[in-house]
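A short worksheet on the structure shown next.
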């Protein structure tokens, strides 16, 4: 029978794709940050998405010489669409770059619509079997049918698949997707795959080891997945891959769900004057049973959805409760919000340094004039608490009592980027190497918000004062007070009131209230120009007849083939001119007038780590002011001396589908 029957379709809707992933960073070898090995690793991993998808789902290569040589491999599950494969490989590569900070080996098996694998090392592993590291994840649900019978069917299915995967005569070596029936309405779905650079013998060994892990990891569970560096094996009681829709399955040996109907021609039963055909009886009973079954299935679906919703809500409540601090504890930590504890002020309130449970923290006390309600405040806390990335400031907790709304963040000792960048006496502490590292770190942080986190998050207020610096001058993006969350099918939104900081906001946002991930890209471009020139984005270049803002000034220098005139004099003597020029080029691509012309953060990241990536010519930026007369300059001077204004209006947002 074909697997496109009614029950698997309902089961697929009920269960959906389970999100599984695993990763491992090596523990024996390490490289020096910003070394040639790190550069080679970034270049090679950035090349994998396009190469793997273009070569049928598998690609391996190496780059560099001697101890700086990096070997890498990427593989997608057989049959994956090229664009889906590319997205998964890109996600895996970025995952390794963000988590394996200085390890010379790394392995990631993420699932992003499909299952894929990326692996890198400082020694060649191509064509070699590596059984370790291995890890597994099992389904949380137990088997409810006969376990002995399940094991027998499962073992026969695994044996058959290994034979198919490693047979020299097989049409699809190194891969198998197959099914086996437990009952009329319960089917085991399984998939296994080796890296195709292995010998068939090594593939057989790898898969046998993975099958052998069943007793250890997943006995009695409805499903599981075993990852190894050279192969993967997964099974479930639901169709977790599109590959299963193309597989035919013979009817199970068990008794059918309904008894076989006897052959009835004109047989009838008489009672009084009523004559009832047995065929009519069956014609009534069978449809009734089917209808009842479907109704029960639909009710089960509704209960499942409500339970999932309840579980999600409960999880959020648990997270919120575990993060909540008592107001008295906050008062004590800040010496009753003493002026001497203030380390910053912003549009939403003041930031205090404090000590909670023996740990230094930054405590942000929102202004009582803030219109953000308690419910929205809690939602923001739950969302930010789930963000975990080395280039994002970590939220430790909150306090919500009466009119008090307080956020508790990790303490970042070196204050914010603007503290160093715009102070002539401190600019020298940021040499080009540090500035380039800050640009790279901000890129990774925004990429996580836009693409790699569970939700797509638009920051909407990227600026130098919202980039904090840790003890090693690594950047951490802060202040999510204006952030907006996009759903899976949302690519943009409109707002009737503007929130953000002048100079960093793109034209489509200021004029029409439209914002998207490309709004953050525009702000990022302005920020990069500030980092390079060491001056604020407000009007910085003045002559006897003209005043230009930063974007206009950078564009004019670019058009005049003199972009390096933009560079901060404190670093101009000791900077990599090619890197600086490339960063200016990328920044100008980010501030282009048309949002669709601006690159995505994943593309920007690739532009930064892969110098062979050809950059397109930038178009005229948004807010291009060619000449501002001398008569207007006095007013601009006063604006230049003032602090940048952040507009904190309440927003009314309409979302647009992709």
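From the backbone N, Cα and C atoms, a Cβ is placed for every residue, glycine too.
Annotated signal peptide per Swiss-Prot: 1-22, in sequence order.
Here Swiss-Prot flags 23-125 as domain 'Gnk2-homologous 1'.
What Swiss-Prot records for 23-277 is topological domain 'Extracellular'.
Positions annotated as N-linked glycosylation site by Swiss-Prot, on the basis of sequence analysis: 51 (among others). Taking the Cβ of residue 51 (N-linked glycosylation site) as reference, residues of its chain lying under 8 Å away and at least six apart in sequence are, in sequence order, 59, 61, 74.
For residue 60 (N-linked glycosylation site), applying a Cβ distance below 8 Å and a minimum sequence separation of six or more within one chain yields 71, 72, 73, 74, 126, 197. The feature N-linked glycosylation site is assigned by Swiss-Prot to 60 (among others).
Counting every protein chain shown, the Cβ of residue 102 (N-linked glycosylation site) has 13 other Cβ atoms within 10 Å. Annotation comment: Swiss-Prot describes 102 (among others) as N-linked glycosylation site.
Counting Cβ atoms from all protein chains shown, residue 122 (N-linked glycosylation site) has 21 others lying within 10 Å of its own Cβ. The N-linked glycosylation site feature in Swiss-Prot is assigned to 122 (among others); the stated evidence is sequence analysis.
Feature annotation from Swiss-Prot assigns domain 'Gnk2-homologous 2' to 131-240; the stated evidence is sequence analysis.
Residue 146 (N-linked glycosylation site) falls outside any helix or strand according to DSSP and counts as coil. Its Cβ taken as reference, residue 146 (N-linked glycosylation site) is surrounded by 12 other Cβ atoms within 10 Å in the chains shown. According to Swiss-Prot, the N-linked glycosylation site annotation covers 146 (among others).
Here Swiss-Prot flags 278-298 as transmembrane segment.
DSSP assigns residue 345 (ATP binding site) to a strand in the three-state reduction. Annotation for residue 345 (ATP binding site): same-chain Cβ neighbours under 8 Å, separated by at least 6 residues, are 351. Residues annotated as ATP binding site in Swiss-Prot, with sequence analysis given as evidence: 343, 344, 345, 346, 347, 348, 349, 350, 351, 364.
Applying an 8 A CB threshold to same-chain residues 6+ apart, the list for residue 343 (ATP binding site) reads 351, 352, 353, 362, 415. For the domain 'Gnk2-homologous 2' (131-240), the DSSP counts in helix, strand and coil order read 36 helix, 36 strand, 38 coil. A separation of roughly 62 Å, to the nearest angstrom, links the Cα atoms of residue 146 (N-linked glycosylation site) and residue 349 (ATP binding site).
A separation of roughly 12 Å, to the nearest angstrom, links the Cα atoms of residue 102 (N-linked glycosylation site) and residue 122 (N-linked glycosylation site).
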